[in-house]
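Trainee: I'd like to ask some things about the structure below.
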Amino acid sequence: MPAFQYPVNFTDMNFNFSFNFSFSQALDVLEEHYANDKIFGRATERAIVICYALLMAMGLFCNLLVCIVVLANSKIRCSRNVLVVNLNISDIILCVFCMPFTLLVIIRRNWFLGDLLCKMVPFVQASTIFVSAGTVLSIAVDRYNTIVRFNPQYPKTGKRDMLVNASFIWVTAFLLSTPICIFQGTVPVGLPGYHMYHKCVELWPSPSFKGVYTIIILVIQFVVPSLTLLVTHAYIRTHLNNKIVKVDICQDSGSHQNETASPCINHERLKRDLRRNTRATMVLLNISVVFTVSWLPWNGLNLLAEFYPHLMSPTVLYLLFAVCHMVAMSSSVTNPILYGWLNSNIRRELVQMSWVIAKAGTALVSMRSTHSENQAAQQSITQMRSSGGESTVNRSNNPESKV
């Protein structure tokens with residue numbers, strides 16, 4: 001039997017194995033293996049599709065809702081909420097553009113969408129992930145500057161500065177994602193002279209280059225934001241504790257010396273500010289925990305797959321990939337909750353909008369029910385008139401009625 005060469009590593013086409021069976025036998029085996037384009041069983045695939053559909057629907061709804069509320073209301077269209085809207089936009093792109101294509105890659109072997117989308121989908125997904133991480137980092141730094149380094153002599157950060165900051169985040173994200181767009185492409189899978197399907201894969205010039213890039217994006221996308229959230233939270237917490245101690249000392253001195261109570265005139269206002277800042281600190285703590293829990297499994301799996309690719313079977317790797325990716329994409333649902341609903345101004349506008357929608361819905365239902373009742377009344381009157389007319393005609397045509 002003639003032996004043939006089949007490349008098993010698409011990134012290194014010179015690395016071949018020789019198999020001692022005929023070409024027709026190999027075709028039969030491959031056709032039987034790849035006749036079913038699915039990677040998982042029916043139950044597993046159905047569960048993955050349902051989870052992704054729920055994530056996409058919930059993420060799209062929550063982010064659109066917060067975005068509409070902020071943009072439609074001039075009261076909360078402040079400079080700080082520019083970053084919140086920026087985060088909503090990146091999450092909307094993740095839900096609409098990235099999750100569906102990633103789901104397709106997870107559950108199907110064949111990439112049938114062409115080379116352009118093969119390059120664009122990972123590029124856009126990486127860009128939006130970088131934007132999300134950069135925006136979370138910027139919001140944490142802005143919160144730190146507002147609470148810890150606040151100085152009434154200096155003006156607050158305006159909308160223009162925040163727009164410049166958001167633009168810088170997007171440009172940096174595009175630059176960091178450019179290597180993915182360059183080294184992503186489709187490769188044919190099959191035997192020499194017999195093409196079976198295409199696969200969208202990363203085609204790096206060398207494994208070391210890819211490993212270095214993996215570590216770089218891990219540091220930029222996960223390590224730096226996580227450490228920033230941790231450090232800013234620690235500084236804010238310490239600062240608030242120190243101010244609380246000063247307020248207590250001020251209150252004690254005011255109770256014993258009413259004559260010199262002028263430093264304590266605004267202590268009630270300061271207490272309100274402290275309560276508000278304490279709530280903001282708890283929100284920041286939740287943000288740091290949720291960010292770490294969401295992105296740690298995904299980044300850990302990327303490192304594992306990069307440096308220990310043969311540690312698990314392809315099916316197990318795809319399943320872990322799906323689970324870790326869904327956990328990471330859950331940030332598109334938690335972000336509008338953490339930055340939208342837990343923001344008192346945005347939450348107040350959301351509640352008001354929900355009341356308006358509820359009243360409008362109630363009024364619409366009431367109008368429909370009234371219209372239905374009026375139609376029913378008119379129909380009954382018409383039936384009564386028609387029945388009365390028929391009885392009169394019958395009496396006039398009845399000869400006995402004339403006697």
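Cβ atoms here come from the backbone N, Cα and C positions, even for glycine.
Per TrEMBL, the features are:
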| type | residues | note |
| --- | --- | --- |
| DOMAIN | 62-339 | domain 'G-protein coupled receptors family 1 profile' |
| REGION | 375-403 | region 'Disordered' |
| TRANSMEM | 47-71 | transmembrane segment |
| TRANSMEM | 83-108 | transmembrane segment |
| TRANSMEM | 120-141 | transmembrane segment |
| TRANSMEM | 162-187 | transmembrane segment |
| TRANSMEM | 212-236 | transmembrane segment |
| TRANSMEM | 280-298 | transmembrane segment |
| TRANSMEM | 318-342 | transmembrane segment |
Trainee: Do any residues of this chain, six or more beyond the ends of the transmembrane segment (162-187), have a C-beta under 8 angstroms from a C-beta of it, and if so which?
Mentor: 10, 79-80, 82-83, 86, 111, 114-115, 118-120, 122-123, 126-128, 130-131, 134-135, 138, 198-205, 210, 213, 217, 220
Trainee: Which one of these stretches, 47-71, 83-108, 120-141, 280-298, 318-342, has the most C-beta pairs shorter than 8 Å to the transmembrane segment (212-236)?
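Mentor: The stretch I would name here is 120-141.
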Trainee: For the domain 'G-protein coupled receptors family 1 profile' (62-339), report the average pLDDT of the model, please.
Mentor: 83
